[in-house]
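Notes follow once the structure below has been shown.
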Amino acid sequence: MSIDGKKIVVIKYGGSALSKSDSIKNISEDICYLKSKGMYPVIVHGGGPYISEEMKKSGKESLFIEGLRVTDKETVEIVKKVLIGQVNKDLVVEINKFKGNAIGISGIDGNLIEVSKKYINNMDLGFVGNIEKINKNILKILIESGYTPVIAPLGVDEKNDVYNVNADYGATHIATALGAHTLIFLTDVAGILRDSNDESSLIEKIEIDEVDDYIEKGIISGGMIPKIKCCVKGIKDNVKKVYITNGKNKNCVRDVFFNKKLKKTLVV
């Protein structure tokens, strides 16, 4: 069986939506709906709020540099515990309630996500991974066998040390490796807003050559900057359509394809 990349949809699911049981149920149902329409959904999930909560219980403070969590050895163990043992399995269970045939893996399994140490402006972030390679055959085998991959974004380096990987970057690299037609970022807002306090200021479509101007003007700022940069990378690497939409809205995934009224930003 050969998989048509035009039918592969990579979904990055994270943010506060991931901590709401209704949202998890709705997303899981939508994923199975896409499968029923002949698509091949692949889910890459975050888990930041859960990780921060677990770190707080351990007496550790969460520190971020340009949206990336500084990750020492102890924090890596917390990230593994939360992403693999909690968030991943909860998603798999929920998707399988709707007969989605989900299978949970992490970037560690089969060296799915190979990384090197990431630096920002020569700053050492600890065990934060810069993605070097996606071993896509693992995912292709799962998809061809009828499974829905649910991926916890961790990676391994050449010494098999484990690294934390930003889920936005993970989803983007996986989408490009698989030749996916569509990449969807589920977040806490409807998309890119001209005014962050006004959803009616939604920008419905952005071309990648406009992005730098939006950043310079402050329209795209904060945590949305790395996300939009992932969108740009996806388009440049031949993902045909990239969307940002609110993961807390019912039917938000299926509506990307089947409801023109869905509030979203399309990046092309």
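The backbone N, Cα and C atoms fix where each Cβ goes, and this holds for glycine too.
Here is what TrEMBL says about this protein:
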{"type": "BINDING", "residues": "Gly47, Gly48, Arg69, Asn164", "note": "substrate binding site"}
{"type": "DOMAIN", "residues": "7-246", "note": "domain 'Aspartate/glutamate/uridylate kinase'"}
{"type": "SITE", "residues": "Lys12", "note": "site 'Transition state stabilizer'"}
{"type": "SITE", "residues": "Lys227", "note": "site 'Transition state stabilizer'"}
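Of all the recorded positions given, namely Lys12, Arg69, Lys227, the one with the smallest number of surrounding CB atoms inside 10 A is Arg69.
In terms of local Cβ density within 10 Å, Gly47 ranks first among the binding-site residues Gly47, Gly48. Looking at Gly48 (substrate binding site) and Lys12 (site 'Transition state stabilizer'), their Cα atoms lie 13 Å from each other. Of all the recorded positions in the list Lys12, Gly47, Arg69, Asn164, the shortest Cα-Cα distance to Lys227 (site 'Transition state stabilizer') is found for Lys12.
Annotation note: Asn164 (substrate binding site) sits in a strand segment as assigned by DSSP. Taking Cβ-Cβ distances under 8 Å and a sequence gap of 6 or more within the same chain, the neighbours of Asn164 (substrate binding site) are Arg69, Thr71, Thr75, Val76, Val79, Phe127, Val128, Gly129, Pro153, Leu154. Between the two most distant C-alpha atoms of the annotated substrate binders (Gly47, Gly48, Arg69, Asn164) there are 12 Å. Neighbouring residues of the recorded substrate site, listed in sequence order and excluding Gly47, Gly48, Arg69, Asn164, comprise Gly46, Ile51, Ser52, Thr71, Val79, Val82, Leu83, Asn166, Ala167 (Cβ within 8 Å of the Cβ centroid).
Classification of Lys227 (site 'Transition state stabilizer') by DSSP places it within a helix.
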